[in-house]
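I have placed the structure first, in the form of structure tokens, so that the comments after it can refer back to it.
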Amino acid sequence: MSKILIKNIHTLYQVGEDFPEMICGEAMKHVPTIKNAFLALEDGVIMAYGSMEDWEGITDWRGVEVIDAEGQSVLPAFCDPHTHTVFARTREEEFVDRINGLTYEEIALKGGGILNSARRLGELSEEELFQEAMKRVNNMKANGTGAVEIKSGYGLSVEAELKILRVIKRLKQESGIAIKATFLGAHAFPKEFKENHQAYIDLIVNEMLPLIAKEGLADYIDVFCERNYFSVEEMQYILLEGKKVGLIPKVHVNQFSIMGGVKAAVELGALSVDHLEESNDEDIEVLKGSKCMPTFLPGCSHFINIPYGNARKFIQEGLPVALATDYNPGTTPCDNMQQIFSLACVKMRLTPEEALNALTINAAYAMGLSETHGTISLGKSTPIILTKPIDSLAYIPYAFGENHVDRLVF
Ligand SMILES: N=CN[C@@H](CCC(=O)O)C(=O)O
Ligand SMILES: [Zn+2]
């Protein structure tokens, strides 16, 4: 049994009991803290915490690893509820194309984008894909991420989609952190199905879904609902079929255009609607009173130069907001939630407290991990971040580009 005691913590953030499952609106401005604190973990489970002044010491010191934080702070690990971490090759040639004036959509229409990644998936064996993805997950951990959702979607054939999902399954077993798997066969139409959408949708529904269900390869089902990709009706059909085999919807909507995807996804019980660079009043109204988490991806907005989602308005309207990296080789080659923290504050005008709620408790909700992650609460098993010495929460998004994580403690 491992026992860890961290003492003399400068500030323990996001700590307490009886949190709601998501933090909404005005309440996002608040992060509960304890200054000059201690925290005790047993086998990674939070057993006790409080102020050093109330600490009564330990009677049995056998086997206890004591960490003297001496001014370092502690927060629950970030949860990253939207990534495409399993891919074969990076796509910096498209980055240069954009510098030279092409848009993401123009590059995709000439065969780049998702189809580029799908073509290149076969260049790596399943073992090689796993090794590459594992390195990426380790890098995420070094930057403070303690749970990751990972999508398929760069396969677009039965065999290749399953290959990615099997890699994700192995990451679940070997990464040492919580991983959730999302089936995103409906990421783009392969070239040969460009004129026959129904045939590809049939492949997803009749061939991919049964195998995924049989092998237990996914928790969630995603569709990229967007012009030139999947229509609202196509998304509805695929999500409904996914639900029949137990997969919960969690979708890409409103990245470039508003097509009614938010309403359709909420009606189908989506756990989250992600991207939302574009949104309107109807989207906000539909989300009110729902159990669906709006999830923003500012790394994508930054990298492909599209608008940042209007998270401020969502919060003003009383909604919760979560943040994720969207880590992928096309629109967000950044796996670092600290960068997302900074972009959310600088570009979306979230306060550091609002952003921390979006990166922890609300992000945990968006990937079905409210019971274990997102806050420092008794009985939870979230990894915790031991920061380098920082005087305030704001220093993390302020000093962007630095790694403020000393290490994750489990
Ligand atoms: N927008 C759809 N999917 C990814 C990007 C995929 C790619 O370009 O490889 C995203 O979330 O940004
Ligand atoms: Zn994405």
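Placement of Cβ uses the backbone N, Cα and C atoms for every residue, glycine included.
Automated prediction, rather than curation, is the source of TrEMBL annotations.
Long-range Cβ proximity for His82 (Zn(2+) binding site), meaning a same-chain Cβ under 8 A and a gap of 6 or more residues, is found for Glu149, Lys151, Ser272, Asp274, Thr295, Leu297, Ala324, Thr325, Asp326, Ala366. Marked as Zn(2+) binding site by TrEMBL: His82, His84, His252, Asp326.
Taken from TrEMBL, the feature Fe(3+) binding site covers His82, His84, His252, Asp326.
According to TrEMBL, the feature 4-imidazolone-5-propanoate binding site maps to Arg91, Tyr154, His187, Gln255, Thr331. Under the DSSP three-state reduction, Arg91 (4-imidazolone-5-propanoate binding site) is assigned to coil, being neither helix nor strand.
In three-state terms derived from DSSP, Tyr154 (4-imidazolone-5-propanoate binding site) belongs to neither a helical nor a strand segment and is classed as coil. The annotation N-formimidoyl-L-glutamate binding site is assigned in TrEMBL to Tyr154, Asn328, Gly330.
Per TrEMBL, the feature domain 'Amidohydrolase-related' maps to 304-391.
Proximity to His84 (Zn(2+) binding site), judged by a C-alpha distance within 10 Å, picks out Tyr154, Asn328 from the binding-site residues Arg91, Tyr154, His187, Gln255, Asn328.
Other C-beta atoms found within 10 angstroms of the C-beta of Gln255 (4-imidazolone-5-propanoate binding site) number 26, with every protein chain shown included. Long-range Cβ contacts of Arg91 (4-imidazolone-5-propanoate binding site) within its own chain (separation 6+, distance under 8 Å): Gly112, Asn116, Ser117, Pro329, Gly330, Pro333. Of all Cβ atoms in the protein chains displayed, 29 besides its own lie within 10 Å of the Cβ of Asp326 (Zn(2+) binding site).
The 10 Å shell around the Cβ of Tyr154 (4-imidazolone-5-propanoate binding site) contains 29 further Cβ atoms across the protein chains shown.
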